[in-house]
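Report on the following structure.
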Amino acid sequence: MRHTLLLLVLLLCCVSASVAVAEHHCISDEIEKRVGPRTTAVVLELPTRGGGMVRAMTASDPEWAPIRFKFFTEDLNDPSKHCTAEGQICPDFLGGTVECKREDILTEEKKSIMLKSLIPRALKMHTDRLLVKPLTGRVIVPRYSSGICAQFKIPSSHHTEGVSGADMYLYVSAGPTEDSTLAWAYFCTQLPDGRPIIGVVNYGPSSVTDSEHGVRASLHEVAHALGFVMEIMEKRNMLKEFEGVRGKAAVVQVSSPKTVEKTREHFNCVSATGMELEDEGGSETAFSHWKRRNAKDELMAGIPGIGYYTALTMAAFEDTGFYRANWGMEEPMSWGNNSGCALLREKCVVNGVTKYPEMFCTARSSLLFCTSDRLALGHCAMKFYGAPLPPQFQYFSNPKLGGVPDLLMDFCPYIRPNANTGCSNGDATVMRGSRAGPKSKCLKGMDSPISWVLLVTCALRCRVKRAR
């Protein structure tokens, strides 16, 4: 008779790069409201070596090429535009000023991390995955008179002679940010066809670390500057509204052709009508991100976490018409993969039972478990409320029990990482017997002919249980 062996083991298996436990909160929809009047770029022709002129705008041949970036950092070199000392009054690049705290100071180390790691690594990941029709002219940068874009320092020559040699230009600053927002970004100017060409990125020094988490957060924010925003999706006729999904009055989905195709493939749901957008998070997050409940570990979730650059985001970029995806470079994501249509249409938990135990949890426990991205340990995020939750968010016999709010999960309970049990930087005193490090991960595996589960975790006592 077969026996089941359950092992809870005291070590971490070093298999691939990890990210920090802290989760970046994106505020792109709030930034959109403060950008100011949209402008259209003036693109001038470039003289050729023979004295003639080449066609301005985009290349006349049909070839697409990897997107090219250039970024400018005047505000990082101006001590009046970033925190250099505690108590200094510094611009926040949102139109206001803040008093600098010690953690807001842009040190040379943090500046180096931004310029040598976070920004170039994030831009390369976009270059590896997105193609554009190369821009061949000189772009004259507008003089912004109001809004967020006017807060950034732009060299005077960019307004007169223009800039060339790239398909997207970014101006970078380092004004203090609130809470766990590492960075924010948006576009300021578009080409006549609507593609963003000039954008801004602001980093909060208090959250800058040389980590995969920082790179992925940077990648996420640059994606907004490239056009992953509701504003552009609406103008490109990519969105549709559907009523009655999981008991909700209405949800908004990206229902353009390539996104529908990749949504159906990822979830293994041939009747999926599109990829749902976030409807939680208020004005800061809703509608310019994937619904986190359905795509928790995806790059463009409102709280991106590990931030896999999947076919879902690449498809949305392709559907704008501004980009083509370099297929074959998409990253896999286990969250929701092959889950079927039920995940998209039904509750995550029904009467205290879930069809997706790798994604959702159903009981509070003192034990620590691996998070879905295998990058930390945590507990099932659940709580009792003083009143019943709305019917569409009731998952248990007790209508007052549900997931923790403000996590963009429709109150679905899941393993939420603890602040001191990250696999890369966890507290050794809490994680006894563990091997935390930059390449550590929690693993869960199975083997045969003996059925067993191996939970490679950070802080669980070794237990062996045999059951007939």
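Including glycine, each Cβ sits where the backbone N, Cα and C put it.
Features as listed in TrEMBL:
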- Glu221: active site (ACT_SITE)
- His220, His224, His289: Zn(2+) binding site (BINDING)
- 1-22: signal peptide (SIGNAL)
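Here the features listed in TrEMBL are placed on the structure.
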residue : record              : Cβ within 10 Å
His220  : Zn(2+) binding site : 29
Glu221  : active site         : 28
His224  : Zn(2+) binding site : 26
His289  : Zn(2+) binding site : 30
Can you give me the Cα-Cα distance between His289 (Zn(2+) binding site) and the residue listed as 'active site' in Å, rounded to a whole number?
11
Using DSSP and collapsing to three states, where does His289 (Zn(2+) binding site) fall: helix, strand or coil?
coil
